[in-house]
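I have placed the structure first, in the form of structure tokens, so that the comments after it can refer back to it.
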Amino acid sequence: MFRVPCVVLFVLLKCAITVRLDENSTCGGLRCQKTVTMPLLDKMEGNLKADFDVSEMNKLLKVYIDQQIRSGVEIGLQQVKKEIASVDFKMTKLKQDTDKELNDELKVSKKYAFFATLSSDRNNLPRNAVVMFDTVSLNEGDAYDGTTGTFTCPEDGLYHFSWTAVSGRSKDFVSVLVANDRKIAANAVDSDSVSDSMTGTSNVIVRMMKGQKAWVAVHREDGKQLVKAWNGSPCSMFSGFKL
């Protein structure tokens, strides 16, 4: 007689609890369950079960999962950004190193050399006049200007200059190489006491800085005549190159 009322009581409790927990629910289906049924007595003829409301726990779980997903995404994005920044840095460094190597190679391979002769004889040039060797057949590096007769140093270093002067009969032509605003060496063709043409060649090596200039100038008043050609070939000339 005691067992039957107990069973009825347990069933009523279960029904009452279930109804109270589910009466405000607005969704259906397994995913929208807000109660969990747990057996309390499973070895008696009358099972006693209790339903627990897990809706708040579901909300908390959802918030926690969302936070973990966002955190994982943010960490992943930060890692990707770091990797991209690292790749950009490496690419920039590689480009800088490549450009430097290329510039160094170009600098090493860059040549400066010129060779110039006269387009016509030069007669009675005044003191300190620049001798313009205006027929330029070679101008590697474009450092020599045939319109002014001057060489402009393109970069620091040692430079070799050579010039040859051929004078007419009984006419002198004495010249000097001017570099760094200094008279470096002279080339004296003294033929005023002879009845034949004379020739002279001078060679110098000068240390120059970028932007400094060099040219051949008349020494004193001895610029009587400079001959263009000998037997049809150029004979008075000016040349230079970087060592």
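Note that Cβ sites are derived from N, Cα and C of the backbone, with glycine treated the same way.
For 1-21, the entry in TrEMBL reads signal peptide. Annotation source TrEMBL lists domain 'C1q' at 107-243.
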Counts by DSSP class (helix H/G/I, strand E/B, coil) across the domain 'C1q' (107-243): 3 helix, 79 strand, 55 coil
Local confidence of the prediction over the domain 'C1q' (107-243), expressed as mean pLDDT: 93
